[in-house]
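First up is the structure itself, then whatever we jot down about it.
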Amino acid sequence: MEIKLKKTNYVSGVIEVPSDKSITHRAVMLSSLAEGNSIVRDYLPSDDCNRTIEAFRQMGVEIKIDNGSLYVKGAGLKLAKPQNGKYNIYAGNSGTTTRLLSGILAGQDFETVITGDDSLSKRPMRRVILPLSQMGANIKSNDGLLPLIIKGRNPLKELNYESDKSTAQVKSAILFAGLFADGATTYKEPVKSRDHSERMLKAFGVNIKVNGNFVTVYPAEKLIAQDITVPGDISSAAFFIAAALIVPDSNLTIRNVGVNPTRDGLIEVLKQMGADITLANMREISQEPVCDIVVKYSKLKAADIDASLVPRMVDEIPVFVLIATQADGITRISGAKELRVKESDRIESVTSQFKKLGAQIESLEDGFIINGNSKFNLAGTIVDSFDDHRIAMTLAIASLIAEGETIIRDSHCVDISFPGFYKVLNNICR
């Protein structure tokens, strides 16, 4: 499937973006392990999150959907054993499902095989295999790739683990496994990554301590069912923040967006660049800070992003590159090598497609150099999404300032995180 898009005069309106993908995954997982009935309100019904829901249904958890909410009858920390010797779980394109679920399955007394689509089957899994194996799980893989064959044990061994990367998926897998350990499990990372798991574990009654980049989780006897409301996803809002900033005369309000301080790197750096962004109606919902984001067209200046900021905006970097093409001066992004092992090699994907659009951009092993110019319009052409939802949405926003017509190949992949993206985009274009 491909879509044809054209330059717009300006964007305006009041919109909401889909619920947070990261929080939805975690809410489904912990609700499934809790005792009692949990409600996950305003969950994200995307392809990725549906994989997590189906995985737990397959393992005997009763999950009903009604009017945009999930009603989860928790099975407790011990999931039902498979009737035919092992579970076969298909994770689709979802790295979150695969890695976080691995931590839970490591503490179950049965065998599970996890497979995925072609893209997921190329993504590195050693980062979770190694620590979970140290805790006592028996995990086999295809040379560090899917399929994973996980034979869990209970209890697992406590672990003191220091990661050389700041990745919330690895951290969460270890913390979830720590629920089933025989003692305290501690995780240390170079820079604090998104902390949705820590916040939610605490909400479900888990004894967890956070001290800077250290997190310690203690074994759990049970999780307590919760009523959770999932806020809008800042990573989805980022595309419309970009649209309002780079299309002249634009003024856009995005309501009910989660602005967790471990996810607000994009907003911080954009304000440093001169962006007119206001966070209004700040409040807290289900342990997460939420607000309405008001964005107006702004003349921007270039900025530098390094490894200390990347974990707080890793998913937003592709669309940040687009913004940087419209910021006066040279923007440098480093410390973002993790982009090479996402749904596509996002460093290569972004660089190759923005060169097609006429941008002055060079790739680095761990980032980009962008020579931006606020007076420069991109040139529409045929571009590839590489079946990567964030690349497709970035290119769609780029089309708003591209002369002529932009055709995006494999445009349907946006459904991974943002069903209805093109409809929302069409509604704000004037």
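Cβ atoms here come from the backbone N, Cα and C positions, even for glycine.
Features as listed in Swiss-Prot:
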- LYS21, GLY95, ARG123, GLN169, ARG346, ARG390: phosphoenolpyruvate binding site (BINDING)
- LYS21, SER22, ARG26, THR167, GLN169, ASP315, LYS342: 3-phosphoshikimate binding site (BINDING)
- ASP315: active site, proton acceptor (ACT_SITE)
The sparsest Cβ environment within 10 Å, among the binding-site residues SER22, THR167, is found at THR167
At a 10 A cut-off on CB-CB distances, which of the binding-site residues LYS21, ARG123, LYS342, ARG390 has the highest count? ARG390
Which binding-site residues from the set LYS21, ARG123, GLN169 come within 10 angstroms of LYS342 (3-phosphoshikimate binding site), judged by C-alpha positions? ARG123
So if I draw a 10 Å sphere around the Cβ of ASP315 (3-phosphoshikimate binding site), how many other Cβ atoms end up inside it? 22
So among SER22, ARG26, THR167, ASP315, all listed as binding-site residues, which is physically nearest to ARG390 (phosphoenolpyruvate binding site)? Use the C-alpha atoms. ASP315
Between ARG346 (phosphoenolpyruvate binding site) and ASP315 (3-phosphoshikimate binding site), the C-alpha gap once rounded to whole angstrom: 10
C-alpha spacing of ASP315 (3-phosphoshikimate binding site) relative to GLY95 (phosphoenolpyruvate binding site), in angstrom: 13
Residues satisfying Cβ distance under 8 Å from GLN169 (phosphoenolpyruvate binding site), sequence separation of at least 6: GLY95, THR96, ARG99, LEU100, VAL128
ARG26 (3-phosphoshikimate binding site) and ARG123 (phosphoenolpyruvate binding site), compared by Cα position, are separated in whole Å by 20
If you count Cβ atoms within 10 Å of the Cβ of ARG26 (3-phosphoshikimate binding site), leaving out that atom itself, what do you get? 26
